[in-house]
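Undergrad: Sharing the feature lines straight out of TrEMBL:
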type	residues	note
BINDING	GLY144, GLY145, ALA146, GLY147, VAL148, GLY149, LYS150, THR151	ATP binding site
DOMAIN	136-321	domain 'AAA+ ATPase'
REGION	451-490	region 'Disordered'
Amino acid sequence: MVASVRGSVVDVRFAGRLPPIYTLLRTGKDAQIAIEVQMQLDAHRVRGIALNPTQGLARGMPVTDTGGPLKVPVGKGIISRMFDVFGNPIDRQPAPADVEWRTIHREPPPLLDRSTKSEIFETGIKVIDVLVPLERGGKAGLFGGAGVGKTVLLTEMIHNMVGHQKGISMFCGIGERCREGEELYHDMKAAGVLPHMVMMFGQMNEPPGARFRVGLAALTMAEYFRDDEHLDVLLLIDNIFRFIQAGMEVSGLMGQMPSRLGYQPTMGTELSGLEERIANTNTGAITSIQAVYVPADDLTDPAAVHTFSHLSASIVLSRKRASEGLYPAIDLLQSNSKMATPAIVGERHYLLAQEIRKTLAQYEELKDIIAMLGMEQLSPDDRSVVGRARRLERFLTQPFFATEQFSGIPGKDVGLKDALDGCERILKDEFKDYPESAFYMIGTIDEAKEKAKTAKGPKAADPPPKTKDPVPGPATGKPARTVEPGANAH
């Protein structure tokens, strides 16, 4: 029976054998309140954390031992559905049929079953595949504030996952706002990707215990598709910091001594327990993209440090690029990947990526000089660098299938070979006489020729006059370019 209630912490007395750690207990009216055992206090009492609100719970109420830990449904019937941490559907549809219930507390794949082969996870998005290649079975961090395109980027990856990997996408919202969760559900439905994905939410208003376990519950579903169906799974987590934050709340409620900056002393173990289950095996792979919140932009924060150690790639979204209409608004110099080595991506891809970064970095250094003195004061070599960099920036934009209904521009899925060929030809100045607008929001580089023919202004064969130079002028320091077609479409 219930011995004491202190918020989400519930002590339960048993006359006989105590339930093991992580066992799920049920109490309250119609057994609606779930309690997960966290510690055994003595020979007759256990302490647990409630996964639901404890309103109405009182001392002396009977408690039922379910005989096992929290379980969630797995099977083909869960595809296109939305669940809470208990595996209950929250999309106003009947419970899925033909499902199996599995515990959320599972061990990572053994070393013998893991694949040691480093493979690239192709997304069909030029800028990611060329400059920030993702690892199949790896983890990538997505850094960005509000309104810079995180959700659009995630939606596009889910869309392209179907074509490139023939797999399933799993979205896990940890501490997600209810409004954002509902918007995402309708966005996915409108984009036509819902039949190939599963969604699970531990919403912001739920107790810390539920938010702390929703990541493990989503992983259990993802592991079914990897291990039983032998599919590749794209796992999207928003936000991994909220998982750590929920663990901190649970730790404080359980009376554990906090460590540095108030974090739980077991933070590293808890995060590793989640991250190590995201792996590439001989039967399939779970590739994860995780939104990461960095508290006060402090990269030395313990939560950020522990998270970075698990990531194989970092994708940084730039508000400046978003304001210029350069979508996807990925910061080309700040983003990086551990996969961008000659041994993994190949010598040609590696050298091209290095040359692109070098060109963009040189352009970044020249921007101040251009703003103060103008393009006329640059040497011919520097002018060539600026032209190449601006053409590359625009070529690495891409119309998305997820935004077709808003922009009116058909989405493009570009293979890695075509993306590399386009960048290589731009770096060789093959298109130096083409207007920059010809490279904006296209797929392969061959589309630039067609766009240049129909573009107004100078023909493709004639260099644009200096009076219409698209870089900032010396007098005002403001861009003198006209807005490219589709720049405001996103």
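Using the three backbone atoms N, Cα and C, a Cβ is placed for every residue, glycine included.
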Undergrad: Just to be sure I understand the packing, how many Cβ atoms besides its own are within 10 Å of the Cβ of THR151 (ATP binding site)?
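TA: So the Cβ neighbour count for THR151 (ATP binding site) comes to 18.
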Undergrad: Among the binding-site residues GLY144, GLY145, which residue has the fewest other Cβ atoms within 10 Å of its own Cβ?
TA: GLY145
Undergrad: Output the one of GLY147, GLY149 that, of all these binding-site residues, has the highest number of other Cβ atoms within 10 Å of its Cβ.
TA: GLY149
Undergrad: Please identify, from the binding-site residues ALA146, VAL148, the residue with the sparsest Cβ neighbourhood, meaning fewest other Cβ atoms within 10 angstroms.
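TA: Taking ALA146, VAL148 as the binding-site residues, the minimal 10 Å Cβ count falls on ALA146.
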Undergrad: Within 8 Å of the centroid of the Cβ atoms of GLY144, GLY145, ALA146, GLY147, VAL148, GLY149, LYS150, THR151, which other residues of that chain place their own Cβ, given that this set defines the recorded ATP site?
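TA: Going along the sequence, the neighbours come out as LEU317, ALA322, ALA329.
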Undergrad: For LYS150 (ATP binding site), what is the tally of other C-beta atoms lying within 10 angstroms of its C-beta?
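TA: Excluding its own Cβ, the number within 10 Å is 22.
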Undergrad: Averaged over the whole of the domain 'AAA+ ATPase' (136-321), what is the pLDDT?
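TA: Reported value for the domain 'AAA+ ATPase' (136-321) is a mean pLDDT of 89.
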